[in-house]
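A.B. asks: Encoded as structure tokens, here's the structure I'll be asking about.
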């Protein structure tokens, strides 16, 4: 099964709910790719010996890996951490996440500043480009096991919105402007 993604409603209900529009408005992998979001479907049961994962890591220079079990029983200050992950932000580097078990949501902003919810399930590997506004939350299962990949030593420094003048954000916006041939609104 392919990755599921959709435009979100603007409800303030529990962030762990799907937040579909009514009617649902799905987002294609092609549209995500236009925004710089890359996707692979891999076998999470074979992640330690997966040649496809090894190839991705080698081609993209991901030489550091760790695993994160995110659930109330395994993370101290769970609610606080989840709140931090759900604060809209950018990074200076790509964010690479591979779901090995459980499920959760990555939300990204599109070129018109609309939220797109990406539902990560076992086997889904996504790469969010540097400079894209995004956030993360668990779904109602309250559990996900993620592999995090990095180039070099892990750096996870969020730059909370607004970051319109940040050089990485500017580079991302300029790339979208070039790709879509229009001026992208700074919000």
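Including glycine, each Cβ sits where the backbone N, Cα and C put it.
The following feature annotations were taken from TrEMBL:
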BINDING   89, 91, 95, 134  Ni(2+) binding site
BINDING   89, 91, 95, 134  Fe(2+) binding site
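Tell me about the setting of these features in this model.
C.D. replies: Around residue 91 (Ni(2+) binding site), taking its Cβ as the centre, 18 other Cβ atoms fall within 10 Å, counting all chains.
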A.B. asks: So which one is it: of the binding-site residues 89, 134, which has the fewest other Cβ atoms within 10 Å?
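C.D. replies: It is 89 that, of the binding-site residues 89, 134, has the fewest other Cβ atoms within 10 Å.
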A.B. asks: Starting from the Cβ of residue 95 (Ni(2+) binding site), draw a 10 Å sphere and report how many other Cβ atoms land inside it.
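C.D. replies: That number is 23.
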